[in-house]
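Engineer: First, the structure itself, so that you have it in front of you.
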Amino acid sequence: MTPLNILLVLSAGLFFAGLFGVAARRTILMQLISLEIMLSGPALGFVAVGAYHGSVEGTGMFLMVLGLAAAEVALGLAIYLHMRRATGGDSDLAHRLRG
Amino acid sequence: MLAYFLLLVPLPPLGGFLLLALDPYRLERRAVMAVALAAGIAPLVLFLPVALGYFAGSIGDTIAPAFTLNFGQFEVALAMQLDALSAIAALTVTVVASCVMIYAADYMASARVADLRRFFALMNLFLAGMLSVVMAADSIVFFLGWELMGLCSFFLISYNMNSPRAFAAGRKAFVMTRIADAALLAGLLLLFLEATSVRIADLIPAGLAAPEQRAVVIAVLLLVGALGKSAQLPFQTWLPTAMAGPTPVSALLHSATMVAAGAILLIRFAPLIEAHPGVAAATAIAGVATAVFGALCAVAQTDIKRLLAYSSISQIGFMLLAVGMGAPGVAMAHFVVHALFKSLLFMSAGVLSHASGGTTEIRRLRGSAYAAPISFATYVVGAAALAGFPILSAGWWSKEAVLGAAVMAGPFGQFLWLVALGSAALTGVYAYRPVWSALRSPVEPLPAIKENWLAVGPLIFLATASVLGSFLVGPIVRTMGGTVPHAGLGVEVMGALAAIAGLIGSVVVSFSPVWSARIKRARRLRAGMQMDAIYYAFLVRPYRRVVHKLSGRNARKDTSHEAETDRTDGGMGDPVGTATVNLGLWLARVVTAPFVPDRFDLVTMRSTREVRRAGVWARRLQTGRLRTYVMAIAFGLGVLVILGWGMTWG
């Protein structure tokens, strides 16, 4: 196992852990946290591969993922606040597509 | 540029027809009038600059192609053309039609809106048809317009839907012209086979180059077509009864333009007629015979519209005489002049009969001259033109040209000239009769009617035109490429004497008790020599017998003339007509009946049921739960990854 492979396995593990979280949890807040974990997995992969090839694109990609995650969390939390008032923060109860 | 302008000319009336006939919404009376008038006058506005440019010489002969189709050696090219004939005829048609439309707006003012729409829609359709006949550069557009006119004529004669008589008249007109139209169609198709093209410019040389026998057949077929449309002997019976239609219809269709279309046809194909002396002689004889026949019958009429109808066929007889004598240009001049004064006569007669209480009997017109003085004055101008009052009226100049052409065509022509001269004198006798009747003091004073400017304006214009038309005769003949015949002073003096003799004769028959009683008794002549009854006895009744026999009905039933002409249901067992119905019923029984619980229908119905069930099942997938969707996406992603991995194995 080269260090790169260890890092890639770690990033895949993060991704699947996040995916499991999104699928298994019913609390919207926990699902949002799991989404962040899902995003961090590939981000780690970008950084690792960038460092392996000695190029700066990996780090740049990571910064973009970071910005994307920040925007997504900002929107997601706003929606969460609204849905919490309607459903009490349970995503299964929010299945009618109505505010 | 100009070419496309020509194609635009018949479009406004066609658009007016479509709007008035097919518009599903209610139209206000004003809107109907506005559409009808705009569509009826637009062709004049569009065509006037073109025609003026043509006469000034700044525009030459033009062909405006609309659509061309080639297959094999045949070429079908639809087009409009501008040449001497189409310029003169289309200008005449548009001018007369505009006048009649304006007049009709006043005349039909009391009709219901629905009737008004029907009337103006058909008038506009008719106008489009007539314009396509005179401007056609190919036999297809020509024939299409020709048939369109026949159809509109049928509908407009039967305009008064409550009158069985009007229906019978419309049916008679339709059947009579149809017989002739079949001949025309045959002639045009034979010409097409000779020329392998439908362009009239190609048809005429091809017809001239055709073998003798075929060329004669073609010329005779064309002549028969023209005789039928123009109500010449032996097809004349439909025109007098066609007066059942409203006055504007008579003014436009059954005097000035449509019935003159036969003359237009003969002028258009004049080279084919002239190429065979026998056919030319037949044309001239038919023309002269109709001229005399029409004039004789007109003298005996007691109804002003029927009088004018007989005068129409008589005048068109003069046009045919000119074509037969090899002077189509002269025929054209007479066409123009006749269109102007005959529409004038019909329209002013309409006002006069309104003024005298809605009757069209000449006797009852007494005193209408004082009730409607302007219309009476215009009627006098028109009657003078019809009778050919020497020098002052346009009718004299054009008729003189026709007579001159006859005199200069040899001994045969001189014989015809004598007969035609007699007809011209008779024209005078009948033309002034309504004038004298209208001048008499009324039995009880008629209330003076208000002469609406919509009605009187066109009358004054047409009256002026039928006086000033004298100056048009020469230019028209020269534009058509002929020369105005001058047969010497003696012939012209004879023509003038005939007209004056006619004037005197009309005074005699109107005021001499002996002669007016004689006219009252001339019942045979009044009924058009009872040609209707003769045709009925020798053609219609045997035909009906055959039909009844074939259809297995009792032939004895219901054979009296009145019973059949007045019948409206038309429920006659017609073996040809019922054959198609029977065929349809048989097909329905044999082909579709076995499938009545239709298997195809059942299959489609079952499949719709299945689709619905599938939809119900598929709806279960839509839980609305986020977790379910995430699982589905993850599962799909996994499948894709495995697939992608498997792809890289090779």
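Residue 1 is the first one shown; counting continues down the chain.
Positions of Cβ are set from backbone N, Cα and C atoms, glycine also.
Keep in mind that what you see is a predicted model, and the values were worked out from it rather than measured.
Just lifted these from TrEMBL, have a look:
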TRANSMEM  B:34-56  transmembrane segment
DOMAIN    B:70-120  domain 'NADH-Ubiquinone oxidoreductase (complex I) chain 5 N-terminal'
TRANSMEM  B:76-104  transmembrane segment
TRANSMEM  B:116-134  transmembrane segment
DOMAIN    B:136-419  domain 'NADH:quinone oxidoreductase/Mrp antiporter transmembrane'
TRANSMEM  B:140-161  transmembrane segment
TRANSMEM  B:173-193  transmembrane segment
TRANSMEM  B:213-231  transmembrane segment
TRANSMEM  B:252-273  transmembrane segment
TRANSMEM  B:307-327  transmembrane segment
TRANSMEM  B:333-355  transmembrane segment
TRANSMEM  B:367-392  transmembrane segment
TRANSMEM  B:453-473  transmembrane segment
REGION    B:554-573  region 'Disordered'
COMPBIAS  B:555-569  compositional bias 'Basic and acidic residues'
TRANSMEM  B:629-647  transmembrane segment
Engineer: Counting only residues 6+ away from its ends, which parts of the chain sit with a Cβ under 8 Å from the transmembrane segment (B:213-231)?
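Structural biologist: Tertiary neighbours of the transmembrane segment (B:213-231) are 146, 149-150, 176-177, 179-181, 183-188, 190-191, 194, 207, 237-239, 258-263, 265-266, 269, 272-273, 275-276, 278-279, 282-283, 286, 312-313, 316, 320.
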Engineer: So what's the average pLDDT for the domain 'NADH-Ubiquinone oxidoreductase (complex I) chain 5 N-terminal' (B:70-120)?
Structural biologist: 85
Engineer: May I ask which of the stretches B:34-56, B:116-134, B:173-193, B:367-392, B:453-473 has the most CB pairs under 8 A with the transmembrane segment (B:76-104)?
Structural biologist: B:34-56
Engineer: For the transmembrane segment (B:116-134), what are the same-chain contacts with Cβ under 8 Å, counting residues 6+ beyond its ends?
Structural biologist: 9-11, 13-14, 16-17, 20-21, 27, 29, 32-33, 35-36, 39-40, 43, 80, 85-86, 89-90, 93-94, 97, 100-101, 104, 108, 141-142, 144-149, 152-153, 155-156, 159, 246, 248-249, 252-253, 257-258, 261, 264
Engineer: Helix, strand, coil residue numbers for the domain 'NADH-Ubiquinone oxidoreductase (complex I) chain 5 N-terminal' (B:70-120) per DSSP?
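Structural biologist: So the domain 'NADH-Ubiquinone oxidoreductase (complex I) chain 5 N-terminal' (B:70-120) is made up of 32 helix, 11 strand, 8 coil.
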